Amino acid sequence: MNNGILHQNYNSKKFDIIKISLASPEVIRSWSHGEVKKPETINYRTFKPERDGLFCAKIFGPIKDYECLCGKYKRLKHRGVVCERCGVEVEQAKVRRERMGHIDLVCPVVHIWYLKSLPSRIGLFLDMPLKNVEKVLYFESYIVTDPGMTPLEKKQLLTDEEYAEALENYGYEFEASMGAEAIRDLLADTDIESEIELLQAECEESKSTAKKEKAIKRLRLLETFQASGNKPEWMVMTVLPVLPPDLRPLVPIEGGRFATSDLNDLYRRVINRNNRLKKLLDLNAPDIIVRNEKRMLQEAVDALLDNGRRGRAVTGSNKRPLKSLADMIKGKQGRFRQNLLGKRVDYSGRSVITVGPSLRLHECGLPKKMALELFKPFVYSKLRLGGHATTIKQAKRMVELEEAVVWDILETVINEHPVLLNRAPTLHRLGIQAFEPRLIEGKAIQLHPLVCAAFNADFDGDQMAVHVPLTVESQLEARVLMMSTNNILSPASGQPIITPTQDIVLGLYYITREKEGARGEGKLFSSYEDVSRAYNSGTIDIHAKIKLRIDRQVFDTKGNTYNEKGVVNTTVGRALLLNILPEGLSFSLLNKVLVKKEISKIINQAFRVLGGKATVVLADKLMYAGFKYSTLSGVSVGVDDMTIPDNKEAKIEEAEKEIKQITEQYQSSLITENERYNNIINIWSKTSDEVGASMMDAISKDTVSINGEKKEIESFNSVYMMAKSGARGSYNQMRQLAGMRGLMAKPDGTMIETAITANFREGLSVLQYFTSTHGARKGLADTALKTANAGYLTRRLVDVAQDLVVIEEDCGTDDGLMFSAIVEDGEVKVPLVERALGRTLAADVVTEKGVVLLEAGTLLDENLVELLDDNGIDMIKVRSPITCKTRRGLCAKCYGRDLARERQVNVGESVGVIAAQSIGEPGTQLTMRTFHTGGAASLGITVSDIKVKTAGKIKFKNIRTVTNKEGQEIVISRAGEIIVSDTMGRVREQHKIPMGAVVPLASGKAVEIGDVIATWDPHAQPLITDVAGKVVLEDVIDGITSKHTYDDLTGQQTIEITSISQRTTSKNLKPVVKIVDEKGAELKSIPLAVGAVLNVADDSILEVGDIVAKIPLEGSKNKDITGGLPRVAELFEARRPKDAAILSPCDGMVRLGNRDTKEKQRIEIIDKNGHIVEEILLPKSRHLVVFDGEQVSRGDVLADGPTDPHDLLKYKGLEEFADYILIEAQSVYRMQGVVINDKHIETIVRQMLRKAVILDEGDSKFVKDESIELVRILEENDKLRKQGKKEVEYELVLMGITRSSLSTESFLSAASFQETTRVLTEASINSQIDNLRGLKENVLIGRLIPTGTGLAVRKESAKIEKMREELGVEDNMVFTDLSSFNPEEISFDSIQSQKEDKDINEDIEESLRNALESLDF
């Protein structure tokens, strides 16, 4: 890197990679244009920079363009001359942004990043603790650099006294010194190769894991130094580079003061101390003073590089810490995130938005003033081309005066020139869309109501920004890709996002309602026109039931056409809507009461059958109709619309009576405090539900008299209609308005037991108001926290997935995931049809008869998934991003359908970012609160049996049963399920069956709706014996491991097992029930968990299926279930839960009770020959779910607890793990009613599995047990396979999204995410190369990103490069793709020898540049 760096043209095409490494003193000097010797900045009288100071013009270049400091040389003609008076080179002033200087340090100084950024690189390299290195550096201790023949050891620390003593004893036979010089000498003296050999030997021989790990770390570091060409002594600086002055400016402000960058202060401290040290050394000052000065110099450089990293931060005059070089690049305000990833853009404006109900979907209203400002350059050029102005200056004046012709020209300029509208926060790609502007008066931007959902905008003062795409390419992209009419479907779920809401829904609902006995009822009309005429003349009512003759053509999704003919029963309103229904859609879609869901269905159907264009037109027409009729309906909220039910008071009195009884029971100690609270909560929630129900009854029905006869009809109450249609409000809100408010939650989620009996119409008393403030405030606080958290989750997701792009058509794998319907609580929540839509099959789908229904590789569309459903297929194998074999990207087949476009995804689509946005965007809707089970949150009555909801057959899965003496079948397995399938064999229900349940029917039996297929005790889990024999109680000692309780009322005795923590002695006793035969041989032993209540006495006789003990379920209930946003973050961060379930690491037999320690119990897993394969130590408080002698398979649960995703992946495999994350994440979103396609979650999971751990290094350079990018292992294996060597064996490792982002191959991407210092430190030592593959890296260096149209451009230029290389073409020759070559198109007079042109071109370019610079552009 020489001075040429400054004069080269920064052409972004010229480099393919960026490398970061340590700079040697020679390199730093080669960057520099001179040494900065003085701390002065500028002369305060003349405002000229001081010579040799921090702003010296001689070093850094002139202050004014092409003018030396003393003014002897001015103008362009002297370019390149160095003035002999002031020594300044005549050059452009902008070189002051790029020319660096340097400071020669009198003594070496350690770079703080390599010292303090953990793990300390210098400490690790020298194999010294950080504390010791610091002692040497900051002149507290001496370090022996060369022990000579003395008994001292190398790197031994000596205090001043010890050093003096050693000098006395050994004289100058040894060398010891302090400060950075000593460290530098030690670093330089290290023989890296021999150290590496020693460490490799140590790794192989060492028995202790800790030693081995440390050796591996050190070995890695030494190897990187060896491989990267960095010298370790470069971590200690002898020359300090000085930043160009224009990057640390000093600006005069009024009042004769200066605003300066903190860096100048920091540099001045360094220079001052450096100069003082130089003087002290020249004067031969006493050692202690020199030492102190050296320490201060070290501290000054530390502060410059990273202020506050060590000791107290250096503060400026205003007591705040100075901003060092490290602070400049890190954090949200740092260089990476503020200036490189997010730049401000020109040609943009922002204003408040208002509603534009008369716009078409692809239009937006743009205020005239704003448009004129935005399109100024276009207007100028049109004014000149049209001959209205001769110069730009004149055009400028015309625009300023706003002459009439300007507006006409603006109209033509704006025509078909799309603009981008953006609303912050832009949470997903639909937050920026393109519209065609329509000029409007006023100052607010008008927005089409249907795109509000995508922008999440409303008109209560929201602002939006407008951006103008300038180039033809960008206009084309805006029109084709970003136009609102091309973004009908949401990329997250594939459902329409432009569905009508609020007023529109209300209007459509209102006119499609029917009313008994309305004017004109029963009339027959022959066409829409007749109805319209009759309605307009006032002879029929809009809600009247009529008959209408129709004759339409209808298309279905398979492309068939059929006729819809005949007379239909309908209403006037629905007939009026017939006019806007396009040809091809059935009238039956409209011929019903249109609530929000139904309107969505119409739009969905239109898109599937008629395509985008017709859908957009339909949506617009529906919107106009909705607005028109909601205005005409006159629906509004009045206080009388809130009907309070008559029986409210009675219900409340009844509840208060019950509560009084319960309180009395509590006072006479019949029930516990907990029971009292739960009962009261139950009473109030039941009462408020009942009051709500009778309020709904009153509000939803009206009594009218038709022909003197009274009739009940559905009400036209405004509040009811708003809620019923889905326009605004909900049942719950109506209940609070006119029923009773009910129970309020405290901030911790528990309910306050005094319910609010009033409603908002009656008004709340002061006390009631106070009670309700609790929950309301929690809501507000939550919302504020939630938004920040959701934003941060999105950022982490985007960062981990940003470089995942579809880069090829097909990777050719037949791997995939098994998909079946998602079943929760026995109900099918997501049918297979929905999950399979838009996926590619990984294996043939075969019917029960063995017929291949669909072949592998088929992309499933709507018609094909219906085919699956019709044939009763309930499980298929689909390709998935997780199992895709494409490296550094994805293939289109594994991803499947692009949800927003309804066809296979294009190569170049950045699916990673789309996935991150789809998961992050609904994050703000997810609740923050953790759901509490128990108390009022789970008000459901406890379930104790299962009734079938569909007729069909039942099938047992993993169920073992025994028959007890009453002849009942008792379930003795833990994770059993009963599956109910219909007559076609499709799974319709799936129920988990607890241990101890009674199953009346056998597997394979037919069932009808309502049949009970299992019953159990909901309050306790029984321990059941599957052998008969005599009971022997072991370690059940009254007062130590168990406690006897005697109930006075019932006279019952119970024995309950106490917990280990309650015992004072005998902590290693383990209560067990053993069952023995007549000879006393043990048949079975059942360990008793804490809280178990014994059902048997010692020596009693048991039959098969008898209950040995019961564990009350109150105690073993789950802890709080984390819900909402924290749960999603927990899943993607792959956090290990506390007290996670312990899974069996291998197959074998469980052996318990051997060699238990004081605190821990030992589980041994033995193979067939009785050898111990695995041992697991667990705290004694953990409850085991396996018995001694039980056979287990790899991945079976040994001790229960929440699932640990890491163990799941390790022991159960990729598919189980993927399934777990998918189902868990989806259940959180489903709870909030958010639809997200599975493939987005799979895409993120793929990025969490980027690394693998080496099990066997084979013939590679890798080391066993280190974790490496999977791609690198696969590439290495390819090489080894070709050479016929032994391949690497590895196992996938799970990483959370934050760790995964930080350990990406690209250091630019990682550094701009988090922990910038650590990432750059590591990268520079490794001399890391960034291949600029991802999106982020390319944004940083200002290139087109390699995705979408950018990928096409990149591929094209790569092709051209390759052709150039093959043909040996020079850079300045131009050629095009010859396939599109047409000789007739060439005009021969334009062709000249390029060589001659080159010189002329340069001259023209030169004069042009100067001309432009003289103009004030």
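Using the three backbone atoms N, Cα and C, a Cβ is placed for every residue, glycine included.
Straight from Swiss-Prot, the features:
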| type | residues | note |
| --- | --- | --- |
| BINDING | Cys68, Cys70, Cys83, Cys86 | Zn(2+) 1 binding site |
| BINDING | Asp458, Asp460, Asp462 | Mg(2+) binding site |
| BINDING | Cys811, Cys884, Cys891, Cys894 | Zn(2+) 2 binding site |
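Report note: the Zn(2+) 1 site is defined by Cys68, Cys70, Cys83, Cys86, and the residues of the same chain whose CB lies within 8 Å of the CB centroid of those residues, excluding them, are Ala57, Leu69, Gly71, Lys72, Tyr73, Glu84, Arg85, Gly87, Val88. Cβ environment of Asp458 (Mg(2+) binding site): Cys452 lie under 8 Å away, each six or more residues apart in the same chain. Between the binding-site residues Cys70, Cys884, the minimum number of other C-beta atoms within 10 Å of a residue's C-beta occurs at Cys70. Nearest neighbour of Cys83 (Zn(2+) 1 binding site) by Cα distance, taken over the binding-site residues Asp460, Asp462, Cys811, Cys884, Cys891: Asp462. Taking the mean position of the Cβ atoms of Asp458, Asp460, Asp462 as the Mg(2+) site, the remaining residues of that chain whose Cβ falls within 8 Å of it are Ile353, Ala457, Phe459, Gly461. Here Cys891 (Zn(2+) 2 binding site) is positioned 65 angstrom away from Cys70 (Zn(2+) 1 binding site), judged by their C-alpha atoms. In the structure as shown, the Cβ atom of Cys811 (Zn(2+) 2 binding site) sits within 10 Å of 19 other Cβ atoms. Figure note: comparing Cβ neighbours within 10 Å for the binding-site residues Cys68, Cys83, Cys86, Cys891, Cys894, the maximum is reached by Cys894. Rounded to a whole number, the distance between the Cα atoms of Cys68 (Zn(2+) 1 binding site) and Asp460 (Mg(2+) binding site) is 58 Å. Taking the Cα of Cys68 (Zn(2+) 1 binding site) as the reference point, the closest of the binding-site residues Cys884, Cys891, Cys894 is Cys891. Under a cutoff of 8 A between CB atoms, and with a sequence separation of 6+ in the same chain, the neighbours of Asp462 (Mg(2+) binding site) are Val352, Ile353, Arg423. Cys86 (Zn(2+) 1 binding site) and Cys884 (Zn(2+) 2 binding site) are 66 Å apart (CA-CA, integer value).
A distance of 68 Å separates the Cα atom of Cys894 (Zn(2+) 2 binding site) from that of Cys86 (Zn(2+) 1 binding site). Listed in sequence order, the residues Glu808, Asp810, Thr813, Arg879, Pro881, Thr883, Lys885, Thr886, Leu890, Ala892, Lys893, Tyr895 complete the 8 Å Cβ shell around the Zn(2+) 2 site centroid, once Cys811, Cys884, Cys891, Cys894 themselves are left out.
Rounded to a whole number, the distance between the Cα atoms of Cys811 (Zn(2+) 2 binding site) and Cys86 (Zn(2+) 1 binding site) is 66 Å.
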